[in-house]
């Protein structure tokens with residue numbers, strides 16, 4: 001007879017299995033599949049030109065590529081616009097399951113301006129990106145280890161640099177012939193097919209012809225002469241014609257449509273991720289043991305001894321953390337600023353938590369370009385309700401009365417700081433004529449989200465928080481502040497804050513590498529299962545390290561714990577920025593000043609958000625801890 005398991009056990013097991021499955025790129029397709037019959041038209045769309053050396057995207061047609069009769073922009077969501085995607089139609093048109101060889105697209109004769117633009121893009125290693133049936137164009141790259149899975153690179157290089165045999169002069173060559181491979185999964189019952197792969201092999205070919213340029217001898221089907229290599233590459237030079245051509249091959253695949261993104265999202269570094277998780281769990285276990293010793297041994301012994309002496313009516317002298325009970329809940333300096341930061345941290349926490357849950361459950365499909373950024377932005381706006389509640393609730397505990405002022409500062413301070421940096425960076429991008437510059441209309445949309453939705457919600461949350469009864473302190477506060485004794489060197493605020501930050505940063509150190517690689521090296525990342533586990537570990541680490549250091553601080557009779565609890569875990573943002581600097585000099589090849597400013601500007605924004613987020617977790621953990629021990 002099978003044993004019955006409790007609902008709690010089943011729920012925990014289901015969540016664990018979901019996280020493990022989510023770690024391996026579980027997702028919901030997110031879009032409706034399209035069935036194609038043989039001969040149906042397949043329209044290729046072009047996306048922006050991207051480069052990991054400049055981090056500045058440009059419109060595909062900023063280069064003199066072949067154009068359709070009329071360029072039509074595809075409708076973009078907010079996340080795509082902020083990411084710099086500009087999706088347009090192209091002259092590349094296929095027929096489903098009908099191979100094509102050496103189709104001529106167009107011929108151009110570049111002038112000096114066009115030659116300069118091509119050479120600059122080749123120098124900066126720009127890639128051209130395309131989309132077919134919502135799948136990005138990729139180049140398959142087989143790893144040296146034959147058993148390792150194939151990895152995919154987004155897009156193909158505009159061209160390459162090299163020199164002719166016997167010559168040392170460097171030349172520029174353009175990829176003007178594209179050999180496309182469209183993979184499809186056929187439904188044996190209906191005979192229709194769905195696209196499950198879109199790959200390319202780029203070539204640089206100097207096409208030859210006799211008579212008309214539309215009759216090429218370099219890829220003649222009748223003579224079985226097709227492009228298979230680049231023995232005679234196409235040089236980029238003024239008034240030297242370039243003929244663009246392409247092949248299309250169709251391959252049947254066993255991959256089903258619902259799993260077509262798996263190959264692109266597959267990352268072969270699972271062992272590194274699991275090592276990171278285990279390492280972080282060991283740190284959490286160690287901190288948990290320390291917290292348990294404090295809570296179950298030291299505090300229990302002190303409180304029990306205290307109560308025993310009171311029952312025997314024996315006089316006793318208070319020591320350690322009990323000695324400062326009349327000052328521990330005294331309002332700190334600049335408590336209004338602390339309330340604002342705590343409220344903003346609650347807003348960020350809600351945004352990140354819900355986003356993580358959606359991602360792990362598979363709702364943020366990779367096929368929905370810009371979906372992640374759009375979701376985070378909308379969640380941040382609507383989480384303003386919790387920001388106002390948290391900041392004003394804490395403000396009222398400090399006996400504040402001007403709650404509307406605190407609500408306004410909570411609604412404005414963090415977004416205004418981020419917006420100021422963002423506007424400066426966007427101006428730099430606009431000055432480079434990059435498609436990554438956010439249009440004026442989108443800026444107005446963001447302003448509307450801010451003042452039309454977020455600010456009112458912060459005030460609503462603040463009103464609800466102010467109507468609630470103020471939290472009462474477990475112990476009374478003395479009128480005259482107690483003098484803090486001289487502290488040991490290891491209890492110096494700067495030292496303890498920096499120590500707490502580095503331990504917190506250790507929880508996300510390994511996963512941060514993959515996140516930065518995804519953002520700045522234009523690689524796929526969809527390891528939200530691992531990321532959610534790291535997120536949980538980060539929360540626990542922030543809470544436990546702050547509690548431990550807060551207890552040591554109180555035992556040394558230092559009652560100024562409010563700001564230090566926030567800064568202890570929040571200082572991990574300093575290490576995040578230092579790591580980003582290290583990553584910049586060791587992994588990236590950015591040389592342009594504008595690109596350098598963009599990198600450090602965006603990482604500064606990320607570090608500030610991380611500071612507010614982790615600082616709030618540490619503050620609430622310490623707040624709960626102090627109220628717990630002094631109420632005993």
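From the backbone N, Cα and C atoms, a Cβ is placed for every residue, glycine too.
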- prompt: Which range, 306-325, 566-585, does TrEMBL list as transmembrane segment?
  reply: 566-585
- request: Using Cβ atoms only, state whether the transmembrane segment (411-431) and the transmembrane segment (597-625) have three or more pairs under 8 Å that are 6 or more apart in sequence.
  value: yes
Statement: Taking the transmembrane segment (487-509) as reference, the highest number of CB pairs under 8 angstroms among 338-364, 370-390, 443-466, 524-554 goes to 524-554
Message: Using a threshold of three or more Cβ pairs below 8 Å, and leaving out pairs closer than 6 in sequence, do the transmembrane segment (338-364) and the transmembrane segment (597-625) count as in contact?
response: yes
Message: Cβ under 8 Å, sequence separation of at least 6 from the ends of the transmembrane segment (443-466): give me the contacting residues as numbers and ranges.
response: 78, 343, 377-378, 380-382, 384-393, 396, 403-404, 406-408, 410-412, 415, 419, 426
